[in-house]
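Q: Below you'll find the structure I mean.
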Amino acid sequence: MKKLRYVHLNLLLLLLPLINLQFPTLSLAQDYDEPKKDDTPPPGLARCNGVYMSYSSGGREKLYPRTTNATAQAWSFKSTAMIVNTGIEEVKGWQMFVGFHHREIIVSATGAVSSDGDFPVDATNGTTFIGSQNTDLKTSILTAGDYTQISTNIEITGTVFGGKGTATPMPKSIKLTNDGWQCPAATSKGGTMQVCCKRNPKFKAKEKVKTKFMPRQHGDLNIIYDVLQAYASSYMAQVTIDNTSPLGRLDHWNLTWEWMRGEFIHSMRGAYAAEKNTLECLSSKAGQFYGDLDFSQVANCQKKPIIKDLPAERKDDNVTGKLPFCCKNGTLLPTHMDPSKSKAIFQLQVYKVPPDQNRTAFFPPRNWKIDGIVNPTYKCGPPIRVDATPFPDPSGLQATTYAIASWQVICNITKPKPQAARCCVSFSAFYNDSAIPCNTCACGCKDIDTDTCNANARQLLLPTDTLLVPFDNRTLKAKVWAKQKHMAYPKKLPCPDNCGISLNWHLNSDYGNGWSARVTLFNWGNNAVEDWFGALDLGKAGLGYENIYSFNGSRVPPKNQTIFFQGLPGMNYLIGITNGTNPARDPQIPGKMQSVISFKKKNLGSLNIIGGDGFPKRVFFNGEECELPKYFPKKSSGMRLSGIRFLPSILLAITTFHAITDRLLTGV
C-alpha cells in the first residue's frame, strides 16, 4: 500500500508542469486573488500638454474636543495632490498653489514643503507647495518617461474646521504660480479637482542665468545662509539679512532657528547669543562627543538659540566685530532711508556631531523666525538650497570666490489679525466735531481684566481734543460727550485699544482743486522711537499728493498711491509719554508729532473726499500695519465746505514745526 501511494505521488509531481502549461490561468487564480492593477492615467493627464495638477480629497475624522457648534468642530483630513510635467519644457522650482478656504491647518506633506513656513502651516487663505527633494520637473522626453523625475505626489495631512458629514471640503482652486504659466479654472468631479496649465505665449521672460539649484526668490526679508569654510567636524557659516521691502523695518531684531542634528555654535562674530548655559552643553550629545572641549568658552548649545545684533560700540572689536554691515544694535531700515542700515551680517563657527563627521555634511537650521519691537510680523519659509553665493576675492585681485554651499530663507510681512496689531488709527474731520477713536482692543486685550470692560463693544465717540488724553482719563469725558450728543452708551464700557503707538488722521479741508489732511503721531510708551517712519495708502487719491509740510515725504513706487513720510533730519525722534505739569492732578502727555498734507484733484476724475476717498485704506508705522476704524466721520447736514479752511492748516503746520524744534532744542 505504501509503495502504491509513492507511485501516485511521483505521477502527480510529473503531471503538475503539464497542467500548468495547459491551464496557466488556473494556477495564477489559485495563487493570487488580487485584481489586476489599472495603470491607465487620468483622462486629464493624457490630454494635457503642459503641467498637469490634481487634488483628490480623502475621508476625515472628527477630532477632540467634540462640540455642538458645527463651524467650530475640528476634523483631521487626508488628501493627495499631484503635479506632472507633460510638456516639452523643464519646470524649474515648481510652485503649486492650493486654495484652501476652510481654516485648514496643514500638519504634514510628503514630497513637498510649504512656502509659508514649517509645518504646521495656517492655510486659511491657501498655501503654496514647493518640492522638498524633487524641486524641478524634468521632461518625459529627456527621462524616457521616468515618473520619479517628471512628477511629484504630495500626501497631505491636516486639520479642517466646519462642514457636515465625512467628506473633506475641496479647495477653491489649484494652479501653478511660476512666472510665465497660466492656468484655467480647475474642473471638479466627485472628490477630485484637476487642471492643465500651459505656457503664456505673451509672457516675455527675463534673461536668466542657468542655475543648478532652485532660483533665488524675492521677499520682504531675504536671509542667506552661506557655508564659507568646511572641516570634518565643523564649518564656518555666514548669515546675511537683507531688508528688501520699502515699508519693512526691524528694531532690536531677534533671530531664532532650530538645529535638527545636534549642532551647536562654538563662536560668533557680528552677533551674539542671548543665553549661554555651560551645563546645557555638557549634558548634550555634543558634550559626550567633545569630551575634552572647554564648553565654558562656547557661544551657545541651545537647540533653538536666540541671536541678537551687537551694539555699535563693538563694530571695531577685533574678536566680535570688524564685519561689514554688523553692529547696528539690531536696526534694519528700508534701503531708501539708509542703505547702510538695510543689511546685517554675522558669522558663526558650527560644530557637528556624529554621524555628520565629514567635510560635505551640511544641514542648515530650520524653523527660522525673526521679530523686533513695534515692527511688522514676519513669517519665514524653509531654507531652500540655491546656487553658491559669489564673493569678491579677499586678496583684492579681480577674481570671484564662491561659498561652499548656500541656502535662502524668505520672510514676508503678514497682515495683523483683528485685535492683534501694534498700532492703531483714529479718524476725525472738519465737518464733524466727534472723533472716531481707535478700535476696542486694537492691539489686544490679553493683559487687562475684561470683566470690567467690554472687549467687543464699539468705542464711544469723543471730542477731538480728548485724543490727547490717556484712555484711563477719557471715561468721564466720553460719557459727558455722549449725553451732549444724545447718544446712548452701555453700562459696561468698551475696553481700551492698548496700543503703544496711535495715529490720528484728520480731514482738514475739501475744496475745488484739492484737499488737505493732518496726521498726528502719538507715542503712549515710555521709550522714545528713533528714526521712525510712516506710510499712508490712499488709493487713487494718493496720486494727487502735493506736499507734507513738517515731515519728509515721497511716493512709494510703482503705484505711487502710498505716501512714505519720516521726520526731518535731526527731528526723527518721537519721545515717549511724560508727566503733566502737576502729576498729581494732570494726566500724562504722549509724545506727539504732526504735519499737514496737501493734495491736488487734477486729472484724477471724480473723488469723493468726504465719502471715503479722503481717508487712508492702510496705515503703517515702522513697517507694522495699524488697525483702522471700521467707519468714517459723517457729514453734518447743512454744513458748507470752504477752501479758506486750508490757510489755517498751513499756519498750524508751521506752528507745529517750530514747537517741535523748540522742544527738541530745549530737551523738554
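The backbone N, Cα and C atoms fix where each Cβ goes, glycine too.
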Q: Which candidate in N243, N552 appears in Swiss-Prot with the annotation N-linked glycosylation site?
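A: Per Swiss-Prot, the residue annotated as N-linked glycosylation site is N552.
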Q: Through the lens of DSSP with three states only, how would you label N318 (N-linked glycosylation site)?
A: coil
Q: How long is the line from the C-alpha of N560 (N-linked glycosylation site) to the C-alpha of N329 (N-linked glycosylation site), rounded to the nearest angstrom?
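A: Given the Cα positions, N560 (N-linked glycosylation site) is 32 Å from N329 (N-linked glycosylation site).
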Q: Within 10 angstroms of the C-beta of N125 (N-linked glycosylation site), what count of other C-beta atoms is obtained when all protein chains are considered?
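A: N125 (N-linked glycosylation site): 12 neighbouring Cβ atoms within 10 Å.
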Q: Find the shortest Cα-Cα separation between N329 (N-linked glycosylation site) and the glycosylation sites N69, N412, N473, N552, N579, and name the residue that gives it.
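A: For N329 (N-linked glycosylation site), the closest Cα among N69, N412, N473, N552, N579 is found at N412.
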Q: Sort out the sequence-distant neighbours of N254 (N-linked glycosylation site) for me: same chain, 6+ apart, CB within less than 8 Å of its CB, listed by position.
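A: Residues satisfying the criterion: A274, I306, I307, K308, G330, I370, D371, G372.
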Q: Using a Cβ-Cβ cut-off under 8 angstroms and a sequence gap of six or more, which residues of the chain neighbour N318 (N-linked glycosylation site)?
A: none
Q: Using only C-alpha positions, which one of N125, N358, N412, N579 is spatially nearest N432 (N-linked glycosylation site)? These are the glycosylation sites in the record.
A: N579
Q: Let me make sure I understand the structure: which of the glycosylation sites listed (N69, N412, N579) has the fewest other Cβ atoms within 10 A of its Cβ?
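A: Relative to the other glycosylation sites in N69, N412, N579, N69 has the fewest Cβ atoms within 10 Å.
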Q: Pick out which of the glycosylation sites N329, N358, N432, N560 has the most other Cβ atoms within 10 Å of its own Cβ.
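A: That would be N432, with the highest Cβ count within 10 Å.
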